[in-house]
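Below is one structure; the comments refer to it alone.
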Amino acid sequence: MTQNHRKLFVRSFGCQMNVYDAQRMADALAPEGYVETDRAEDADLVVLNTCHIREKAADRVYSELGRLREMKAERAQDGRETMIAVAGCVAQAEGTEILRRAPGVDLVVGPQSYHRLPDLIARARTGRVVDTEFPVEDKFAHLPAASPEKTRARGPSAFLTVQEGCDKFCTFCVVPYTRGAEVSRKVMHLVGEAERLAASGVRELSLLGQNVNAFHGEGPDGTVWGLARLLRRLAMIPGVERLRYTTSHPRDMDEDLIAAHGDLPELMPYLHLPVQSGSDRILSDMNRQHTADSYLRLIERIRAAQPDLALSSDFIVGFPGETDRDFEDTLDLIRAVGFASTFSFKYSPRPGTPAADMDGQVPEPVKVERLAALQALLEEQRQAFNRSCIGREMDVLFDRAGRHPGQVAGRSPYLQPVQMMADNVAIGDIVRVRILSNGTNSLFGEPAYPTLVDRPVEAVA
Ligand code: 5AD
Ligand code: SF4
């Protein structure tokens, strides 16, 4: 095997930021001769990009590492070396503990050190390495960009991390410990990265951050820019047709951001705004710094700016001390808002977080029951929203081939998957689609104007 043809397999767990990070790790390793493979067995370097948010997610890492260790032994019998690296939030939280529990692991690397991967991998060849420092240097300034070919291969919808970390300290959450304090990237760096992505065919940017609407990046004029101002600037980049951002905190929805939902056409009419609970007592114990009522009033204000808005949220059931009455309050809030799509979880005590030591831990069967009731209501709302789309026309960005021959798949403005039979639609096209029906997860449509396809100039040429 030559130095030029090493194979890399990255497996990501958890949130979209890990998906973005996985791409940046691959970009950082490309100059070292690493080519991505989608088969772990073929890889000379396997990176598990881990998630620590709930216990289940962290446990999966260790079972996966057990499997990888066997694979490493098998490859060794064939005379092939395999390096195993653990990245992401479990790496950050557990550090050397991973080396103790998982003997096959060569390298443990926290999210703030990805720009040092080539160096860390070189060092790991001679002995096991752990790097979970929070370096002062800006890792983004050192992470190389993807090649235009790679960006093209990743499709017309791209992630762009604009902010990392969180200062909110919700009492259930490990993020402030694993990803550290809020740090925003500089506006001009983001504009540069977005321009490069757009030049390679990206038409939709999803801005990422653990607390993305707390973005406060240094602008080119030296002043601090908020997220709305950044969105307005990114919308000016030729080729950028759609903007999204995730994930937000209700406390950081400022006037300008609310206004942008009404007056920035590129900003998609979809908002993921986690509320977690509808009980003021629980919200207070969670240190969410908002009440159910202030959340509802906020939603009213955003809907006043953009009446055509699909809302999404995160919920936790079974937080310590949650009574049936508290849970009913959550169901009431859900009924009052009407969500288009959601994520909901049983509370999972995380070591080192305040809620893990609170009295009144809720028994597992109660959590299971509440989660089922909550998800039944949320699923009803999701299906109702999807049904309300039937007969409507909407622009769909097609980003992949469909499951069946001749079918293309994309996303509606409201982030719903849409499938369509069409022979004149290419990946990257934004097409006006009439929605005809809905399945369990997707909408099905037909071109509203069969001969008119909005294709980027470059692709037509
Ligand atoms: N237990 C259950 N869910 C959690 N989340 C974060 N921490 C926990 C935990 N300890 C959920 C929250 C958050 C989402 C990303 O994960 O709902 O918004
Ligand atoms: Fe965690 Fe989000 Fe709360 Fe920050 S705002 S502590 S990331 S749940």
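One is the number of the first residue shown, and numbering goes on along the chain from there.
Even glycines carry a Cβ here, placed using N, Cα and C.
Note: TrEMBL annotation is automatic and uncurated.
As written in TrEMBL, here are the features:
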{"type": "DOMAIN", "residues": "6-126", "note": "domain 'MTTase N-terminal'"}
{"type": "BINDING", "residues": "Cys15, Cys51, Cys89", "note": "[4Fe-4S] cluster 1 binding site"}
{"type": "DOMAIN", "residues": "152-387", "note": "domain 'Radical SAM core'"}
{"type": "BINDING", "residues": "Cys166, Cys170, Cys173", "note": "[4Fe-4S] cluster 2 binding site"}
{"type": "DOMAIN", "residues": "387-449", "note": "domain 'TRAM'"}
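Structure with TrEMBL features highlighted.
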residue : record                          : contacts (Cβ under 8 Å, 6+ apart)
Cys15   : [4Fe-4S] cluster 1 binding site : Cys51, Ile53, Thr247
Cys89   : [4Fe-4S] cluster 1 binding site : Gly14, Thr50, Cys51, His52, Ile53, Pro111, Val174, Val175, Thr178, Arg179
Cys166  : [4Fe-4S] cluster 2 binding site : Cys173, Val175, Pro176, Arg179, Ala181, Glu182, Gln210, Asn211, Ala214
Cys170  : [4Fe-4S] cluster 2 binding site : Gln276, Met286, Asn287, Arg288
Margin query: Using a 10 Å radius around its CB, how many other CB atoms surround Cys51 ([4Fe-4S] cluster 1 binding site)?
Written below: 21
Note to self: Given Cys15, Cys51, Cys89, Cys166 as the binding-site residues, which ones have a Cβ positioned under 6 Å from some atom of ligand 2?
What the structure shows: Cys166
Notebook entry, point to check: Of Cys51, Cys166, Cys170, Cys173, listed as binding-site residues, which ones have a Cβ less than 6 Å away from ligand 1?
Noted result: Cys173
Check: Including all protein chains shown, what's the count of other C-beta atoms within 10 A of the C-beta of Cys173 ([4Fe-4S] cluster 2 binding site)?
Finding: 21
Check: In the domain 'MTTase N-terminal' (6-126), how many residues does DSSP call helix, how many strand, and how many coil?
Finding: 70 helix, 24 strand, 27 coil
Check: What average pLDDT does the predicted model assign to the domain 'Radical SAM core' (152-387)?
Finding: 97
Note to self: DSSP on the domain 'TRAM' (387-449): how many residues come out helix, how many strand, how many coil?
What the structure shows: 2 helix, 33 strand, 28 coil
